[in-house]
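Engineer: So that we are looking at the same thing, I have put the structure below in structure tokens.
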Amino acid sequence: MSDHRTTPGTDQAPDLSAVENTVAPSSDTVRVERAASESAGTSRVAGLMGGAFGRNIGLVLALLVICVVGVATAGDRFASVDNMVTILRLASIFGVVSIGMTFVIIGGGIDLSVGAIVALSSVWATTFATQTMAEDTHWIVMVFVALAVGGACGLVNGVLIAYGNVVPFIMTLAMLASARGLAEIISERRTQIVRVEGFKDFWSADVVGVPLLVVIFALVALGGWVLLNRTTFGRRTLAVGGSPEAARLAGINVKRHTALLYVLVGLCCGLAALMFLARTSTGSSTHGSLLELDAIAAVVIGGTLLTGGRGTIAGTVIGVLVFSTLSNVFVLNNQDSSTQAVAKGLIIVVAVLFQQRLARRSTST
Amino acid sequence: MSQPTAAPLLEMRGIVKRFPGVLALGGVDLDVRPGEVHCLLGQNGAGKSTLIKVLSASYQPDEGEILWEGQPVALPTPQSAMKLGISTIYQELDLVPGLSVAENIFLGHELSSAGMSQRGRTNRAAADLLGRLGHSELSPTRAVGRLAPAAQQIVSMARALSQDTRLLVLDEPSAALDQGEVDNLFRVIRDLTAEGVAVVYISHRLEEIRQIGDRITVLKDGSTVASGLAVADTPTADLIKLMTGRSIEYVFPARGDTVTTSGEPVLDVSGLELAGVFSGVDLKVHAGEIVGLAGLVGAGRSEILETVYGARRPSAGTVRVNGRELRRGSVPAAVKAGLGLAPEERKSQGLLLDQAIYSNITISTLGRFARLGFLDRGDERRRATEVTQSLDVRPAGVDRLVRLLSGGNQQKVVLARWLLRECRVLLLDEPTRGVDVGARSEIYAVVRALADSGVAVVVVSSEVEEVLGLADRVLVVREGRVVHEGPAQEIDESRVLDLVMEGSAA
């Protein structure tokens, strides 16, 4: 302490000229030294390595273990290109919703209504009226309807949560009940067959051998990564989730941003509904039931903090793959869904415990 | 009331407590005798709260020892302190609002039989305790959340009494009370001390200390500057001198020659009011000027800043920046107009602790680094690096998590944010709280340099010395009103303390 002690009269003020320089900088002042940008560059690489592998190492291991079990128990039936495509197709719908969920959770919220919004969007996009209009014009009408319904549900959630101060858990629980109820009313609990040929042709197509659904998942994941890591929107999401008060006092419009996060997940649900139409050729009020639990589980085992402020898209993608590979292995071994559910529960707990330990170690260093 | 020869009940010797980058307590001694009221006196940030948190075992000391009835004791958990009979009533009351008075009193040591709680017995016992405290009118079954603050404090006292307390610590108990309630509190304290209970009493109000205290220990900058003074033999002037006495000197940068206060003010606040907190606040700050707001915690200083900044919606009055009126209660509008705030609770309100330094700095300027929403992260880091270098944030490197920085460097990160934004009005709330002594002078220099470059600065601080040393002009706030305004050179520390403490130091 003694070296910090100062006495009046001694001139220990720091170099003020440097301060003044930056107070009113002209746009083309001071090029920063090479060293600074280089060190930033190397640490960026280190950050990527640490981010994708370091933080999710446990999850990657879990995925490997599941694959080993798959090969051991089902052999070539598991380790085939066809089966890999099956797993990815299984993962795609739930993956798209999980990406949206990742944003909401990083932003400090939660959305329990995703499954119900998927159901409502799928039903609304396949009503007699919508499909007739689509046949008269273009199948893209169905896409607009599904996205509009999903986005609108998200907007209702977001506005009431952000501006009405309704707790996210309660608001989306209410949306869960009412959106699925509305889907049942509209469809009269009947399964609505997709009869627009243009829609079926386009959505069941392959892109260079890869099913369109898988391509969509990949694009959404990539888009989500860019949005989170490379845009002001992503940065603000991290800030709002990390400390809403600090974000507010830094001048961010926290309420508007929160509302937008729910719109984003709603749009993901609309897209997921379209993917359901493609996979099952039907719209139904039972689509996407319990999807919210799977999505939240994938996000959480992917290392996103439920309290907000921290999370990665890569983690969520791996989390999604863990669950879909697990179901695939169980199905190949003719195990019933009950044992699968138990295994899923175990994985969630183990993954979260493991990540907590990892997180503690990384903050202590 | 006290027996001066009695052996101490509690002795704390050479207590040292460090937080990352800050020495909160640098060797504090305290001895408390049974049956006495021992007052702990000191300015904000002197270490009183830290000391009682060590005593109640919320914090573990880094060095020093604690003796209880002459025997060294370890207090690893708050429960162990309670077991000895140490009860603490904090400023922010720690009651469960949804539970009844009786349930709160016996929370953690419920009266039960075979695991079943005994509601009747609990209520009767609670009524007894409340009666002992002279508040038999409080119903034991009432929910605590529906009681007035004064009544809640009585509940806290009853809770302390319910667990066989031998040492009662009261942290600013009179802050929320009116005179009649204070008198009643003192009566209760006297009853307790007559039974041999020792009381550690923390207050800013010297007047009260005169009334109730037996001995005084004075803290300043985390050290004991006087211990065990008899209240009766110590003149108030001496106490103020001890509290404010320069144990450490800060270097305040020289004021600019004469600030031009003739032109239009940059910040012009008039008739600002927040119902129930403050009213009629007029504040004009010119470019290059530093205006200080002095006052006690709870006098409304922070609320004034937050309202000017739009974080609270005023009930009356206007805020103008460069002549243009700001939209009420909108932080984005204030930031857009060129205001910046370094909030009081730096860690929770000012920073994103688990994010990198650079993203904390650029968070208010993100638009500048973005094209169509896509961030140019290279540019972002470059500008953040420039600003941190100019402010000498240590250690260097903008990718480090803000959590890992010391208090002073964290504050520099907050300042860097507004520096990068080139704000016109900077509002600083307790800019050096939790900041190391050495780093304080640097922060003062940065603030002065900002002012010299044309920024209008408003500083709120509980440390009178800081306000007087840093500001050009000083406003003293008491109970939501400005009671004095004038040049900083024309007023001294004891006069400010006098104004702040309702003339008690006259």
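Think of each number as a place in line: the chain as shown, counted from 1.
Here the Cβ of each residue, glycine as well, is placed from N, Cα and C on the backbone.
From TrEMBL, for reference:
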TRANSMEM  A:57-75  transmembrane segment
TRANSMEM  A:87-106  transmembrane segment
TRANSMEM  A:112-129  transmembrane segment
TRANSMEM  A:141-163  transmembrane segment
TRANSMEM  A:169-186  transmembrane segment
TRANSMEM  A:207-228  transmembrane segment
TRANSMEM  A:259-278  transmembrane segment
TRANSMEM  A:313-332  transmembrane segment
Engineer: Before we move on, state whether the transmembrane segment (A:112-129) and the transmembrane segment (A:259-278) share at least 3 Cβ pairs under 8 Å, counting only pairs 6 or more apart in sequence.
Structural biologist: yes
Engineer: Taking a Cβ cut-off under 8 Å, which residues six or more beyond the ends of the transmembrane segment (A:57-75) line up next to it in the same chain?
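Structural biologist: Result: 301-303, 315, 318-319, 321-322, 325-326, 328-329, 332-333, 347, 350-351, 354-355, 358.
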Engineer: Between A:87-106, A:169-186, A:259-278, A:313-332, who has the most Cβ pairs under 8 Å to the transmembrane segment (A:141-163)?
Structural biologist: A:259-278
Engineer: Could you name the stretch, out of A:87-106, A:169-186, A:259-278, with the greatest number of CB pairs under 8 A to the transmembrane segment (A:313-332)?
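Structural biologist: Going through each listed stretch, the top one turns out to be A:87-106.
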Engineer: Report, as numbers and ranges, every residue of the chain located at least six residues beyond the transmembrane segment (A:259-278) whose Cβ falls under 8 Å of a Cβ in that stretch; write 'none' if there are none.
Structural biologist: 92-94, 96-97, 99-101, 103-104, 107, 109, 111, 114, 117-122, 125-126, 142-143, 146-155, 157-159, 161-163, 194, 199-200, 203-204, 212-213, 216, 220, 233, 237, 287-288, 291
